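What TrEMBL annotates here:
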ACT_SITE  ASP90  active site, proton donor/acceptor
ACT_SITE  LYS153  active site, schiff-base intermediate with acetaldehyde
ACT_SITE  LYS183  active site, proton donor/acceptor
Amino acid sequence: MTAPIADLATYIDHTLLKPEATRADVERLIAEGAELGTYSVCISPSFLPVQLPEGLKLAVVCGFPSGKHHAEVKAAEAALSVAQGADEIDMVIDVGAAVEGRYDIVESEIRAVRAAAPAPTVLKVIIESAALSDEAIIAVCEAAVNAGADFVKTSTGFHPAGGASAHAVELMKRTVGDRAEVKASGGVRTRAAAEEMIAAGATRLGLSSSRDILADRTAAGDY
Ligand SMILES: O=C[C@H](O)COP(=O)(O)O
């Protein structure tokens with residue numbers, strides 16, 4: 001049992017990525033993020049630009065959720081999101097390339113997005129850890145660090161194989177060490193699960209159920 005985290009909200013990217021989300025839903029998400037004191041809101045690029053209250057960061061997904069986009073398309077999408085106010089880009093890798101062991105493809109697409117969204121934009125690389133072997137998780141994390149990513153992130157929250165696990169977070173953190181941070185996302189439904197991810201090495205959490213989790217209520221969800 002680890003000590004409760006007093007400032008849990010500051011770890012959270014308060015997230016809404018459902019295909020059916022509306023502009024009104026995004027406005028509610030932003031108001032809720034501000035009220036709860038989350039680190040950021042994480043949204044889809046088609047909602048940009050958005051007005052944010054002071055202090056709330058903007059994370060925007062890229063190549064989401066399949067990752068099956070040309071590297072050039074991911075790069076162009078990231079550049080447009082940055083031009084429209086994104087502080088952080090959460091890109092999905094070509095998971096199939098990782099399954100095939102084509103880590104060169106993965107590294108090159110991350111490099112393309114990094115070039116399109118240079119620092120100080122924060123680049124997070126979503127590896128879809130539940131769909132990868134431990135060996136592939138390690139290799140993809142190395143590719144992400146080599147390509148200049150700031151974070152490796154477990155999951156989209158939309159893959160049938162599942163979302164974040166403490167095992168994956170721990171393995172990812174052990175692999176990247178202090179060269180990058182780890183974001184746990186997808187299927188985190190309780191405060192205990194959120195704190196377990198932090199204990200495993202996550203410094204950011206992607207949560208669509210932030211209000212319930214901060215209130216220590218179990219949230220509903222697909223997994
Ligand atoms: O990173 C973002 C995820 O889509 C959040 O997943 P969740 O809805 O399972 O919390």
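Placed from the backbone N, Cα and C atoms, the Cβ positions cover glycine too.
Note that this is a predicted model, so its numbers are computed, not measured.
Distance between Cα atoms for LYS153 (active site, schiff-base intermediate with acetaldehyde) and LYS183 (active site, proton donor/acceptor): 4 Å, as a whole number. Summarising the environment of LYS183 (active site, proton donor/acceptor), the number of other Cβ atoms within 10 Å of its Cβ, over all protein chains shown, is 29. ASP90 (active site, proton donor/acceptor) has a Cβ environment of 30 other Cβ atoms inside 10 Å.
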